[in-house]
Amino acid sequence: MLEVCDLAVNYRNRWAIDGISFRLQPGHIAGLFGPNGAGKSTLIKGILGLVPIAKGAVSYDSQPLKRQLKKVAYVPQRNKIDWDYPVTVEKVVMMGRIPATGWFKQPSRNSREIVERALSRVGMTQFRQHQIRDLSGGQQQRVFLARAIAQEADLFFFDEPFNNIDYRTEEIIFEVFQELKQQQKTLLVISHDLGKTIANYDQLLLLNQRLIAVGERKRVLTNQNIQQTYGKLVSC
Amino acid sequence: MRQAIAIGFFLGILSAIVGSYLILQQMGMMGGVIAHAVLPGISIAFFLEINLAIGAFIAGILSALLVMGIETRSQIKVDSAMALTLSSFLALGIILINLLKTNQIDLSSILFGDILGVTAKDVWQTAIITIFIVVVTKLFYKELEFYTFDPIGAKACGLPVKLLYFGLICAITLTIVASMQTVGVLLVMSLLVGPAITAYLLIKELYQMMIVGAIIGIFSSISGMYISYYCDLPSGAAIVMTIFSCFMLAFLFSPSQGILNTPQNRHRLSVIIKSLYRR
């Protein structure tokens, strides 16, 4: 179980997020929602220690998460990546095997098979030798999804995976989420879509610097909570 | 001349490998900062009568750390931090040369390079640095590729990204120290960036960028030296102009990215040829 306890991140004398506490169970998909600037990405980065945290603690199975980062797969926002980098699709997915491979070693045959399966799962096998700069937005997102699958992690963090992608990619992403859920993995996903796709989440978190609400869909999506998060009523 | 060719060969390999990481990290200007920032180190080393390369290396690393410190601990953007650091270290170097009365240092050979002054010791020093960087790159290739492609993803997996960054800074500084004698600190940026970006226009993967970059680097250094020797030109400037010529060829005619090699241009060319043929 992932436990976040009283987490706060300070960005240049301003609280980006403050007093965040929640738990995520294995075999659950959690959706993290909030307006722009609410601190959604910062929360994930704070959990993973990618930005310095001002206070609070994050543990996984009662041990500090910082010491178990090999169990984490993180998919950053696509616009944070240099897509002109000279690297092939297959190599990017193989990067997911680096923590398991270890220093000074070449990826094992097992790793190569895992990468092959991950590419096939997201329907990108025929693009394996392509350069990443030749891919569409949806294909880029599938490559990153394949990298996360190849990591065989226990905890998955996705930062806005649904931005500017095609319908088929969105379908594949949700299918993979369901498969990971069945394998008792823990997922935290940042999304903006409070529409139909919300049925895919077992747990919702509403964030606007503070955690407004956390829990099951019906309990969280009240008019009052949404107003507190977004500042106005949103129909859903 | 044999020593000059040997040093050109090693510098070609060294600068292509380190330069590839430098430009993929979008730190092209960092090479310029470190190159200028070695001056105070050289002055102090000369005063203390120790190897100038050691002083240059320490000063170069300090300048990179200062840039990093200003960037991460304030809202100042990295290019401004670099501009300030570059000129301040250069100024400090000039002051130290005056204060420590180390003005016997041949400033012009440090700034512009002096191929005729290359000694057997310089060749050995460059050879050792090159072999060291090649071995380290081979050992940490996959980690460095992951880090330079997706630093946040690499950090999230638990890779020691600060250590990898520091390693890259050390490699850049070592390359600059090694090339100081040949092309000089003012022109070293071209050696670091030129062969690597030329290769970048021609290849698909990082390791190919290093290999093709090394071939371009070796070719440019050695042919630049010949040009400088036979035409009596400054070696650094001749090498830099050879690198630039290679870059322009790739920029115009690269099969995948050359600006004259677009489908429209190919179409225009075929129209011109056809019309000439009709006449």
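Placement of Cβ uses the backbone N, Cα and C atoms for every residue, glycine included.
Caution: TrEMBL annotation is automatic and unverified by curators.
The transmembrane segment annotation in TrEMBL covers B:5-24, B:44-69, B:81-100, B:123-141, B:162-179, B:185-203, B:210-229, B:235-253.
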CB contact flag for the transmembrane segment (B:123-141) and the transmembrane segment (B:185-203), at least three pairs under 8 A: no
Remote residues contacting the transmembrane segment (B:235-253) - C-beta distance under 8 A, at least 6 residues beyond either end: 4, 8, 112-116, 182-184, 186-187, 190-191, 194-195, 197-198, 201-202, 216-217, 219-221, 223-225, 227-229, 259-261
The transmembrane segment (B:81-100) touching the transmembrane segment (B:5-24) per 3+ Cβ pairs under 8 Å rule: no
Tertiary contacts of the transmembrane segment (B:210-229) (same chain, 6+ residues out, Cβ under 8 Å): 1, 4-5, 7-9, 11-13, 15-17, 19-20, 115, 137, 182, 191, 194-196, 198-200, 202-203, 235, 237-243, 246
Contacting positions for the transmembrane segment (B:162-179) when only residues 6+ beyond its ends and CB under 8 Å are counted: 10-11, 14-15, 18-19, 21-22, 25, 27, 30-31, 34-35, 38, 53, 56-57, 60-61, 64-65, 68, 113, 125-126, 129-130, 132-133, 136, 140, 143-144, 147-148, 154, 185, 188, 191-192
